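Trainee: Okay, so TrEMBL annotates it like this:
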type	residues	note
DOMAIN	122-212	domain 'GHMP kinase N-terminal'
DOMAIN	296-349	domain 'GHMP kinase C-terminal'
Amino acid sequence: MLSEVLLVSAPGKVILHGEHAVVHGKVALAVALNLRTFLRLQPHSNGKVDLSLPNIGIKWAWDVARLQLLDTSFLEQGDVTTPTPELVEKLKEVAGLPDDCAVTESLAVLAFLYLYLSICRKQRALPSLDIAVWSELPHGAGLGSSAAYSVCLAAALLTVCEEIPNPLKDGDCVNRWTKEDLELINKWAFQGERVIHGNPSGVDNAVSTWGGALRYQQGKISSLKRPPALQILLTNTKVPRNTRTLVAGVRNRLLKFPEIVAPLLTSIDAISLECERVLGEMGEAPAPEQYLVLEELIDMNQHHLNALGVGHASLDQLCQVTRARGLHSKLTGAGGGGCGITLLKPGLEQPEVEATKQALTSCGFDCWETSIGAPGVSIHSATSLDSRVQQALDGL
């Protein structure tokens with residue numbers, strides 16, 4: 001087992017095009033969001049496993065000796081154990097969570113324990129570890145925060161247990177694992193997601209593992225080759241939404257007006273395919289006219305999503321504020337509030353960007369300047385992370 005400290009990060013995700021249409025068999029494009037989750041894993045010899053999640057106020061510890069004595073035969077089902085409801089119930093007993101533990105905290109702890117016990121059980125003895133995880137991603141905003149958490153855990157635990165090699169070489173600031181190792185990370189992260197969500201699509205953990213941009217259709221996931229990194233504003237309206245209710249609303253509208261709504265879904269599919277084509281052509285030398293096409297696609301998709309009934313006054317306000325500054329925005333994810341993205345063309349002056357962010361913040365929204373098409377799960381040297389991340393992992 002490795003003895004050095006590991007520093008791992010993984011990106012969140014946004015849906016660029018295809019939300020809601022994907023439920024009806026159409027293409028969706030998901031892209032890695034360069035707001036990242038960071039994990040520090042520190043092996044030690046104090047006989048404890050410590051988990052610290054400062055974003056949600058968790059500090060939890062278990063005695064390794066007690067965990068070692070537990071009957072974990074329920075995990076002995078091949079290389080990657082599928083977390084059934086029965087297995088999750090047994091994990092709750094192992095975790096010793098209080099009855100009043102919040103759902104978010106409970107699921108985060110259970111996903112950690114599941115991955116720790118499943119991956120580390122092949123070791124001669126369960127390792128003593130101190131693990132801290134901190135995220136730039138807002139929780140519960142549909143930006144893949146739980147997937148980034150699961151991906152970081154899977155990558156760090158597989159590496160410390162030497163199931164996969166540490167790709168970081170002397171002098172490296174950052175590096176990534178091989179394709180084969182990333183496939184194993186993704187497989188385990190998907191199981192962590194199943195502990196948290198029950199029946200996830202697998203898109204969020206795939207985007208967080210591989211990075212870049214992915215195409216998703218009817219359960220099939222494939223990577224786009226060399227997608228450009230696009231600068232965006234990500235805006236969280238902070239309006240809560242219920243994904244299940246919004247999806248049901250689109251389905252009901254389709255049943256009520258099939259000849260109106262079915263063409264809308266087909267048109268959204270065409271938007272996704274056109275965007276995929278343009279991103280493929282942009283490569284490493286994007287042309288100004290390609291950004292104009294991307295902006296038109298954003299505008300058309302937003303109008304279609306409004307026609308499907310998943311818009312919201314807060315999202316209209318976001319689009320109006322950015323349109324007044326010559327920028328183009330759309331909702332991302334379920335809609336009904338939640339988050340929106342705004343494309344930032346190259347050459348946009350920084351004062352204009354700051355003025356737009358200020359205007360959105362004045363609406364009561366949270367706003368980040370970031371990029372999409374970001375690298376997937378990565379391992380970092382201790383000196384490469386900025387002090388803000390280091391302090392957050394220290395719980396300061």
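Cβ coordinates come from backbone N, Cα and C, glycine included.
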Trainee: What are the DSSP helix/strand/coil residue counts across the domain 'GHMP kinase N-terminal' (122-212)?
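Mentor: Taking the domain 'GHMP kinase N-terminal' (122-212) as a whole: 43 helix, 10 strand, 38 coil.
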Trainee: If you average per-residue pLDDT over the domain 'GHMP kinase N-terminal' (122-212), what number do you get?
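Mentor: Result for the domain 'GHMP kinase N-terminal' (122-212): average pLDDT 92.
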Trainee: Helix, strand, coil residue numbers for the domain 'GHMP kinase C-terminal' (296-349) per DSSP?
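Mentor: Across the domain 'GHMP kinase C-terminal' (296-349), the residues distribute as 24 helix, 10 strand, 20 coil.
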